[in-house]
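Annotated features in TrEMBL:
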DOMAIN    20-431  domain 'Major facilitator superfamily (MFS) profile'
TRANSMEM  20-45  transmembrane segment
TRANSMEM  57-78  transmembrane segment
TRANSMEM  85-104  transmembrane segment
TRANSMEM  110-132  transmembrane segment
TRANSMEM  144-162  transmembrane segment
TRANSMEM  174-192  transmembrane segment
TRANSMEM  252-274  transmembrane segment
TRANSMEM  286-305  transmembrane segment
TRANSMEM  317-335  transmembrane segment
TRANSMEM  341-364  transmembrane segment
TRANSMEM  376-396  transmembrane segment
TRANSMEM  408-427  transmembrane segment
Amino acid sequence: MSVSKRSVEDAPLNGFHRKLTVYSAGGPFLDGYVLSIIGVAMLQITNALQLSALWEGLIAASALIGVFLGGFLGGWFTDKYGRKVLYLIDLVAIVGFSVAQFWVESAWALFAWRLLIGIAVGADYPIATSLLAEFLPRKQRGPLLAAMVLMWFAGAAVAYMVGELLLRVGGEDGWRYVLASALIPGALFLIARSGTPESPRWLLSKGRTAEADAVIKKVYGPDYSIADLPEQTSDKPVSVWSLFHSGYGKRMAFVTLFWTCAIVPLFAIYSFAPKVLQALQLTGDWAAFGSIAITLLFTLGCLVATKLINRLGRRNMLIHSFLWSGMSLVLLGVFPDASPTTVLVLFGAYAVLIGGAQVLEYVYPNELFPTEIRASAVGLATSLSRIGAAVGTYLVPISLASYGIANTMFAAALISLFGALISWWLAPETSKLDLQQAAALGNPTRTSTATKPAVRKA
């Protein structure tokens, strides 16, 4: 293969990249939609199906359990069989399983369908983000992958609006329409994704050079060729087992730990915002306003981080995001009886500042692993982080009842500060590297970034 001095990663952002970004956003959008829509319909479901407390909890958690299972499975299948095929099959599954919920007559059937929906949604994370990362130019890779996080909040917001509307017009069977409504965004994203080409990097990793060259010419223009794609060959064979060995195993540990530290306090606070605010002496309109404000500020924090990711750098932003958001939680623990305004300011500070860590959940996993195992790494990190999120969410009401709000805030702060420590120790800087350089073990730029303070400030 001839070597070219130019690279497709330095090509300008074009219409294909923009469309692919929107289409790939379907995964996090549907995740937010599916996980939120069940809360809207749960009261009617409980009455209609005569659910016990056990079944109510299982059905509420079923999609989250599915995301845990689907993350790794989707990643492994995507690395083995390609991004394109799974990119479409996954949405077909979401649409089909969503429609099936309309006719359920028992708790176990609803649990089963929502579990399958969760598996399909979880699988889409590694499928869509790996495909997107492998096409994007290096300058836009960070911001556009980071923007995927915003779509989770968009999906949740749309779910609440659509769910409330359908409950009002659907009568006693409104919950059936609410649950089945996921087929509409799923079908729209499915139609939009039709015709998406296979990743040339994945094709090249499988030795399908001619097909990879054809895709590059189609996406970037006839002047580009396979020679303009950074080499993807590895010095040593790479397989999914590499995720558990030294080198990539260390990166897998970093990605899993920082992702878990980012979402455990967030999921816990987001899920129990009214209860947490009540424990901090916010009641009535203050509590209602606080829950809405915190949700909006989480979104604002992610939006700001998306804009700053290239300017601040991945490593710098991650460390400071954990550090200062953690300090906000420390202050909430120190002053649990502060005025409502002070409490909301501190909670708002946490919501905005944690945005840096949130958006990097889709960036680092896609940058730190080679094409052969990229989707598997994203999928495994998705799955493992959900364990922490589930445990953290489960422990919040117990902690509030047993240890009080101050100690609960200190515990959340400790998790964030541990994330800062892990990031200081292990986080590399990848913002100016092409995808091959970022994924290469022992890259001198990455090593120096992790060890020289002068480079950290860049």
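Here the Cβ of each residue, glycine as well, is placed from N, Cα and C on the backbone.
Unlike curated records, TrEMBL annotations are generated automatically.
Within the same chain, the transmembrane segment (144-162) packs against the transmembrane segment (341-364): three or more Cβ pairs sit under 8 Å, each pair at least 6 residues apart. Residues 51, 56, 59-60, 63-64, 67, 91, 94, 110, 114, 117-118, 121-122, 124-125, 127-129, 131-132, 135-136, 144, 147-149, 151-160, 162-164, 167, 172, 174-175, 178-179, 181-182, 185-186, 189, 192-193, 196 of the same chain, all 6+ positions outside the transmembrane segment (20-45), place their C-beta atoms under 8 angstroms from a C-beta of that stretch. Proximity of the transmembrane segment (408-427) to the transmembrane segment (317-335) is established through 3 or more Cβ-Cβ distances under 8 Å for residue pairs spaced 6 or more apart. In this chain, the transmembrane segment (174-192) lies apart from the transmembrane segment (57-78): fewer than three C-beta pairs between them fall below 8 angstroms, excluding pairs fewer than 6 positions apart. Looking just at the domain 'Major facilitator superfamily (MFS) profile' (20-431), the mean pLDDT is 87. Ranking 85-104, 110-132, 341-364 by CB pairs under 8 A with the transmembrane segment (57-78) puts 110-132 at the top.
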